[in-house]
Amino acid sequence: MRIGIIGATGWLGSALGGRLLASGHAPGDLILLNRSGPRADYHGYPDVVWARGVDELAAASDLIVLSIRPEDWAALKLHAPDRLVVSFMAGVGIDRLAPCGARIVRAMPNAAAEIGASYSPWVAGPGVTDADRAAVTRLLSVIGTSDELTGESQIDLMSAVPGSGAAYPALLALAIIAFLRDRGITEDIAIRAAEAVVCDGARLLKGQVGQSAEMIAAYLDYQGTTAAGIHAARDAGFTESITAALTAATAKARHLG
Ligand SMILES: NC(=O)C1=CN([C@@H]2O[C@H](COP(=O)(O)OP(=O)(O)OC[C@H]3O[C@@H](n4cnc5c(N)ncnc54)[C@H](OP(=O)(O)O)[C@@H]3O)[C@@H](O)[C@H]2O)C=CC1
Ligand SMILES: O=C(O)[C@@H]1CCC=N1
């Protein structure tokens, strides 16, 4: 299958392109487009195909991945009848994508695509076939896992939650580092201590997030330091802060582009 990526040098487009090639996709069947022009070396593969424009990419591709920023969609002028278009764009609805003439799927990956660990839920527009669904699942499998959603409004929630990738863990890390630094801990040790929580501690939850309440209960049972921290975080509005963040992100997803 010839796969075209519009936005092939961006954060997500490049992650997808690189992982497709690493997983054995033929470089000659990868058609790329960006704004700044061809790169001599794309993830170590000089034989990928650089399209000279959006029409050339659409003509040469069976499946087109749209990985530009939402605000760049209106000016793109994609015309892709009889093609399958998989849009990664937050906020640009199927109704606004449909005029390009393609069968539309909206998927919401995240930056962990870089390491093959994206969770990329997706929703299908009218006319998407079973063969298209299989192609989308195969495509997204090179960057991680996926699920088909039952309604387009769910994509806005997925933009807010898995779409945010490392953002909230990074915010937590900054707060921890600042706390330790302000109390005289050197920067390098503060960073390692934050990493112990944000990256390594969180590994205990891998495959177990559904048991988070039990994990919290286990810490509360000690009535010790962590329990004191959990109570203080909740009293200070930890849950409300997360809810506010995800509510704002979902609302923004509804008004992007
Ligand atoms: N990054 C993330 O974590 C996530 C992003 N998304 C969505 O994915 C989309 C892409 O995001 P991201 O990869 O971060 O964005 P980037 O800004 O990193 O990349 C955008 C890409 O689009 C290219 N581009 C811009 N305008 C055009 C054009 N007219 N024709 C061809 N190529 C063009 C850019 O080219 P050049 O490099 O030459 O400038 C670049 O390759 C966004 O719509 C975003 O909403 C969804 C979930 C998570
Ligand atoms: O922040 C953004 O707008 C992009 C889209 C969804 C996640 N990241």
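Here the Cβ of each residue, glycine as well, is placed from N, Cα and C on the backbone.
Feature annotation from TrEMBL assigns domain 'Pyrroline-5-carboxylate reductase catalytic N-terminal' to 2-91.
Following the DSSP three-state reduction, the secondary structure of GLY10 (NADP(+) binding site) is coil. The annotation NADP(+) binding site is assigned in TrEMBL to ILE6, GLY7, ALA8, THR9, GLY10, TRP11, LEU12.
Here TrEMBL flags 152-256 as domain 'Pyrroline-5-carboxylate reductase dimerisation'.
All protein chains shown were included, and the count of other CB atoms within 10 Å of the CB of THR9 (NADP(+) binding site) stands at 18. Most Cβ neighbours within 10 Å among the binding-site residues GLY7, GLY10: this distinction goes to GLY7.
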